[in-house]
Amino acid sequence: MASLVAPDHFSPTEDAAALQKACKGFGTNEKAIIEVLGHRNAAQRKQIRQAYEQLYEEDLVKRLESELTRDFEKAVYRWILDPADRDAVLANVALKKSNPDYPVIIEISCIRTPDELLEVRKAYQLRYKRSLEEDVAAHTTGDIRKLLVGLVSAYRYQGEEINARLANSEADLIHDAIKDKAFSHDEVIRILTTRSKAQLRATFNRYQEDQGTSITKNLLVENPDEILVALRTTIRGLNDPNKYFVKVLSNGIKRAGTDEDDLTRVIVTRAEKDLKEIKEEYYKKNSVSLDQAVAKDTTGDYKAFLLALLGNEE
């Protein structure tokens, strides 16, 4: 369930006027911006952007970019975009880093639904005039390229039907590949990039039943290389997205100096989806609420905005 608290009825023109007033004159009223945008869903935010442009002949996104700063600006910018466009931006930023942020590409590819991923690919082409697959291939090499291009190109079957015999045989295949340290075996990548999520969960469960431990634990080695880390991230995201997100959040908050990029990305992308369940899972793992952890590790308007998306404002 979503953590976002948004009204059933609202006025796009009134919200647009409130945002224009917040940005007008000397100084910006960040609290007013949070009061509006921190309580509007994607469809409502789109209507506000359209109303703002009609009323003031100005792009609201660009106006907010010019008015806000640092982590707060980045969070608001990510939030106000349409979800598919936001993922396109996240993917492009991840790829353009000097060391590409592969987990972001894996997260988008593995956790979005097939239709959502297709919309991301369309949004990426529209925004950057290149395909996502093309840019992933251009910024990767070798086994990591093979895996990531396969993941972003996938359109998985969404049904819950599974083939138990196939799960057994592919669990054995993955076991043999791990035993032989052939982690980037073509067949392993084929399985991870083409099978439905339900089928993969059946395979992962069969592997655990047969081997007495999970695939991800058997992929734990000292000084893992790039492809090994990517495979573990892929399996985590496909198998249990909520646990995956809890791990990302826990690592981001516990790290010396909070990883604001990870924190912002997870809260902004999941607030309208399943952040309530992620919050419950986070509490089980850390014995402290995500709201408390965010409040402790962030400050100012950035903190207030994240707490609004978490549905728990101070």
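Just so you know, glycine gets a Cβ as well, placed from its N, Cα and C.
Within 10 Å of the C-beta of Glu67 (Ca(2+) 1 binding site) there are 18 other C-beta atoms, taking all protein chains into account. Taken from TrEMBL, the feature Ca(2+) 1 binding site covers Gly25, Gly27, Glu67.
Marked as Ca(2+) 2 binding site by TrEMBL: Ile253, Arg255, Gly257, Asp297.
The Ca(2+) 3 binding site annotation in TrEMBL covers Ala295, Thr298. For Thr298 (Ca(2+) 3 binding site), the number of other Cβ atoms no farther than 10 Å from its own Cβ, over all displayed protein chains, is 22.
Counted within 10 Å of its Cβ, the other Cβ atoms near Ile253 (Ca(2+) 2 binding site) come to 20, all protein chains included. Same-chain residues that are not part of Gly25, Gly27, Glu67 yet have a Cβ within 8 Å of the Cβ center of the Ca(2+) 1 site turn out to be Ala22, Cys23, Lys24, Phe26, Thr28, Asn29.
Taking only the Cα positions, the spacing between Glu67 (Ca(2+) 1 binding site) and Thr298 (Ca(2+) 3 binding site) is 20 angstrom.
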